[in-house]
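Q: Have a look at this one before I ask anything.
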Number of protein chains: 6
Amino acid sequence: MRPSGRAPDQMRAITMEAGFTRHAEGSCLVSFGETRVLCTASVETNLPPWLRGKGKGWVTAEYGMLPRATHTRGRREAASGKQSGRTQEIQRLIGRSLRAVVDLEALGERQITLDCDVIQADGGTRTASISGAWVALRLAVDGLIEKQLLAADPIRDKVAAVSCGIHDGTPVLDLDYVEDSSAGSDGNFVLTGRGQIVEAQVSAEGDVFDEEGLLRLLRLARIGCGEIFAAQDRATGR
Amino acid sequence: MRPSGRAPDQMRAITMEAGFTRHAEGSCLVSFGETRVLCTASVETNLPPWLRGKGKGWVTAEYGMLPRATHTRGRREAASGKQSGRTQEIQRLIGRSLRAVVDLEALGERQITLDCDVIQADGGTRTASISGAWVALRLAVDGLIEKQLLAADPIRDKVAAVSCGIHDGTPVLDLDYVEDSSAGSDGNFVLTGRGQIVEAQVSAEGDVFDEEGLLRLLRLARIGCGEIFAAQDRATGR
Amino acid sequence: MRPSGRAPDQMRAITMEAGFTRHAEGSCLVSFGETRVLCTASVETNLPPWLRGKGKGWVTAEYGMLPRATHTRGRREAASGKQSGRTQEIQRLIGRSLRAVVDLEALGERQITLDCDVIQADGGTRTASISGAWVALRLAVDGLIEKQLLAADPIRDKVAAVSCGIHDGTPVLDLDYVEDSSAGSDGNFVLTGRGQIVEAQVSAEGDVFDEEGLLRLLRLARIGCGEIFAAQDRATGR
Amino acid sequence: MRPSGRAPDQMRAITMEAGFTRHAEGSCLVSFGETRVLCTASVETNLPPWLRGKGKGWVTAEYGMLPRATHTRGRREAASGKQSGRTQEIQRLIGRSLRAVVDLEALGERQITLDCDVIQADGGTRTASISGAWVALRLAVDGLIEKQLLAADPIRDKVAAVSCGIHDGTPVLDLDYVEDSSAGSDGNFVLTGRGQIVEAQVSAEGDVFDEEGLLRLLRLARIGCGEIFAAQDRATGR
Amino acid sequence: MRPSGRAPDQMRAITMEAGFTRHAEGSCLVSFGETRVLCTASVETNLPPWLRGKGKGWVTAEYGMLPRATHTRGRREAASGKQSGRTQEIQRLIGRSLRAVVDLEALGERQITLDCDVIQADGGTRTASISGAWVALRLAVDGLIEKQLLAADPIRDKVAAVSCGIHDGTPVLDLDYVEDSSAGSDGNFVLTGRGQIVEAQVSAEGDVFDEEGLLRLLRLARIGCGEIFAAQDRATGR
Amino acid sequence: MRPSGRAPDQMRAITMEAGFTRHAEGSCLVSFGETRVLCTASVETNLPPWLRGKGKGWVTAEYGMLPRATHTRGRREAASGKQSGRTQEIQRLIGRSLRAVVDLEALGERQITLDCDVIQADGGTRTASISGAWVALRLAVDGLIEKQLLAADPIRDKVAAVSCGIHDGTPVLDLDYVEDSSAGSDGNFVLTGRGQIVEAQVSAEGDVFDEEGLLRLLRLARIGCGEIFAAQDRATGR
């Protein structure tokens, strides 16, 4: 029995509230159970210097956690003067995952920045961020299409992410904070709507694992991402 | 006629959603119209070194703005590596305002940190922060009282804040972003539930002003704070 | 009786030594009693990027305190790697106060930076800075006029600042360090030569206050600024 | 045909020069072809505060790249004032990988820091770092055992890492810089001497992939790590 | 003929105003011609951690330049967030020079910090700093002796510094800014009252030099330091 | 007898391995006994802004020390976020020393950066850096000449550096770490192949010194640099 009482292949409740804020070109408040992340997409025509004049765009991400999103208050990164290694690792992963489904040439000379800010944390903040950021991105691109600023849709597919881990010997899906803290190994999978893998990352946290474990986790991830894709469809009205 | 169409002494709609997040000892999502700020109160027994062993506590605040809370995306302070002068000025004001109504001896050797994070900005983020932070503080202290950790209630009074300014020659209450940008002078007033002044701060932004102007703005602030106090009572169930 | 032995409406001795340093386009060593601040005005034609090509100039300020200006040595901000919230708050106030009396269009595409460095501190460093910075600015602009670089005088009025506070129940003018440390509430007023208010800022430091208190402090500030304006006239030979 | 002319499952030449520097408790200059990394192990009894008095130790890592280790000179991180996200991601991976084979209780209240500094880069610097750091760690622990400072050997197994990727549709082992730049997807595998997985991480870089791809890469990694384990045995005289 | 019109072995006018500020335990405003530096000595009993409990003290220095001490405004180091290499090199030299004449055991467990802040710069700021800092140090130590806090005088000798350089083929003493900018090589000498060398540092700036040049510069330095020692005696009333 | 057992005028064994790394335009691993420094020269056509369009180039240097180059591990400067004063002082000295023998006009609009990274430290790292950096520079310029990118050789002479100090009353050459720690005074001399002085810098570390001491140290430095010049010739095949 996993601590959350869920079945091994059972996701937490997923909600995605599109348009949660009004200034961003796209926004989504995503919840995976008690984990809540506000994702916004900002469209700018001011590209980073190394990309200017190449006829293509860029998609990037930043990640942050409100100081009291967690059980005990963490130090505000703006006050400590630098982003932690964890923060940087996560925002690099989010950007990479979304770029995997975007045709940067079709996007034209634009940069879209996905800001993923964790309002409340209960495990899986990076996977919720990727999944919600896709909705914000989709809405922002829809806006560009509506304004006839794009000749073709640069988004090639959906993308979603979910964590999996081996808890007490059992592979389980979508770990919450308590499960994550006690998992022998855990990882994150990023999948496309067509079922292909964008990123697979599994780490031993105490217990090493083997091929079979890796494949079982991937199979769970497919189940979870299926549910997330459905939630994305509802949120974007598709 | 002010840009918002409101009467000169008319506040925007105020909502205060207590308990918006679950980990903090107290939390409140406050809205002044389209301005939305998440305020959390974190109770820690680990005092700053200069206050240890003096038999009293401390109340402090931090302020932040999500990068896309504003019309155009601002740089994330954690990424730029420092908090702006504006951020620091605001968080100092929030802390000072709340300490004005707290008996630090009665609080005992505890620090309460109020984190005010702007989810969406449309003028008045600092006054909404102060007003909402009081609710978060109240809830956190209620929790300490419930657990019988405090002999007496350290909160002596309510505190609320509102902006006022002279727009097109007319003193108006609770400026939104458009009004604030075009006001000749504007300021912020922090008042206690008993009607006393904790902080009065008015700056000329183009147009200088005089005694009468200052008093008229203060009178408007009293009207606005009256509404905020009522909202605080509703949010804290008093 | 106030600690300094002065009457409630009595300023400390004010001296303003114009031309204290020779490289700056304008300079002034201002003393309010034992508080001494060196103010210099630097004229540059290199505007900040956001102001270029708009046909107008900018006036800004920076503030610093020598490490041993105070009773006990403070950490050098250059060594700690960042300016404190207090420093930033003060330099923003100085810049805002001076811009209130400058016609930025008439200044042309120039930036004037006022550096206010506290040589010795005994309360009121920000008000001495504003008052002395005006002299440095006046001298720098006189130089531009002399060189026929300006068609019209961009300075519309004098500006001066003074602190006031309620000490032991008595409103008093121009607090020194000891008075400031024990005042129930205190504030700073920035006034123009014509008597209008540029900035009014009063904070409760323990004791809240009311309308009457606010007005009494403002009346004291008018007395103090009158003396400062006279000193400014003497220093600039008007 | 892969750019390097190697067979798909062919590693580059591996050399490990133990004792390359003399001050460190353990050191190893590891080469994977033209990639050369100096790994040193430093034993300190001064634990990080959060670990003191818990009867166990810690193993951590830092990673750096000499400015001209690469084809074009990169900015020195000490000069830019911060470590890049990539650097932090890599050093977290190295630390995690080594901790997976160390019994921290058996290590006692000691911290061992593995510094991995890239002298010359040609792809695979993080996998060479992990593989070489293990040798430095082994030597440092051997020294502690020799001095009878440890009751039991805290190292439970060997650990090695290698990169794999899909280049032009073909899964290949141990990518050099040219291969890495043009791979459709690539990843890193960290394996123990007993063949278990410590970390599996594969990212699509343009081309998404599937289960079969993931498994094929893992099979290549097993081949590569076998060779690395042999080199580790030779370097540590086992 | 040197640009300043001075004879090759002629110092600029030296003035040393002891007690320029009142909070510091010792202070001195030193002028070498138009170069003016405020030196203060702060006595603290709070030693740096690495020196505690060793029965001896420490003397250290910090150096700064007001932004408009120079012909064109320089960036404030507190605003740029770091001290330049030049600043750090100078403050290390000042500390080393003063420690050369202090018996740190006799000083007891105290730290004396010399802050040297350049009010106006016209060449030779580091040598004026060393020379003036000695006066501030002497006054601070006199105060400790007066209060019977020291059993013996820890200052063993005077110390002074002056710059010399080869200008247009002629060795000259005490270079001002114009001379310094056009010197073929220049250096700084730090001498004790008894004529011994604490520091000799000469750099080629375009023209290399030889033994004879080095000795001639040293001979000039002896002349200059003689005058500085006399000024130090006058300033400290010896 | 000096601690190393060497004669007073005896250098440690000098080795210079040209071409130690392959990406840099020039590289050299220099050893002075157990001190080992990797020097690389990087040629870039991207000049710093203040030098563009002036028809000349620039030579600059950066210096670093691997964390465990020393007896006990030092903090990584990239992790602490800033370069120490010592690091900055050394890299300024290296750059100045090399520019003394380079005709910057003849170099054309190019910047050559010498990176000197200490692999192992045993005293004299800055002098080994200068000596080895010259070899890297020479090789990089030879490459430019070979590619017919330079009309004339911009290197006018060799340059070498060595430390000297007074140990136990005896002037000795090329101090190792133990000797350096216990020397009464020590310094560094930078000389050209023709025997002229580029930099002479001697500091008292406990014991002051006099003219004779200074000259004796310089005479030792001539002996040491003679050996280094020979090693440079061998390394560059001259």
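Glycine residues also receive a Cβ, built from the backbone N, Cα and C atoms like all the rest.
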Q: Would you identify which residue of D:Arg76, D:Arg86, D:Arg156 TrEMBL lists as part of the phosphate site it also attributes to D:Gly124, D:Thr125, D:Arg126?
A: D:Arg86
Q: Across the record's phosphate-binding residues D:Arg86, D:Gly124, D:Thr125, D:Arg126, the largest CA-CA distance in angstrom?
A: 13
Q: If you run through the domain 'Exoribonuclease phosphorolytic' (D:10-140) with DSSP, how many residues end up as helix, strand and coil?
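A: Helix/strand/coil tally for the domain 'Exoribonuclease phosphorolytic' (D:10-140): 42 helix, 41 strand, 48 coil.
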Q: For the domain 'Exoribonuclease phosphorolytic' (D:159-222), DSSP counts of helix, strand and coil?
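A: For the domain 'Exoribonuclease phosphorolytic' (D:159-222), the helix, strand and coil counts are 18 helix, 30 strand, 16 coil.
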Q: So which of the binding-site residues is most packed in, judged by how many other Cβ atoms lie within 10 Å of its Cβ, out of D:Arg86, D:Arg126?
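A: Of D:Arg86, D:Arg126, the one with the most crowded Cβ is D:Arg126.
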Q: Under 8 Å, Cβ to Cβ, against chain A: pull out the ones among the binding-site residues D:Gly124, D:Thr125, D:Arg126 that qualify, in sequence order.
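A: Qualifying residues, whose Cβ lies under 8 Å from chain A: none.
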Q: Setting D:Arg86, D:Gly124, D:Thr125, D:Arg126 aside, what same-chain residues sit with their Cβ within 8 Å of the center of the Cβ atoms that define the phosphate site, listed in sequence order?
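A: For the phosphate site, the extra neighbours are D:Tyr63, D:Ile90, D:Val118, D:Ala121, D:Gly123, D:Thr127, D:Ala128, D:Ser129.
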Q: On the 0 to 100 pLDDT scale, where does the domain 'Exoribonuclease phosphorolytic' (D:159-222) sit on average?
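A: Here the predicted model's pLDDT, averaged over the domain 'Exoribonuclease phosphorolytic' (D:159-222), is 93.
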Q: 10 Å Cβ neighbour count around D:Gly124 (phosphate binding site)?
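A: Taking every protein chain into account, the count is 27.
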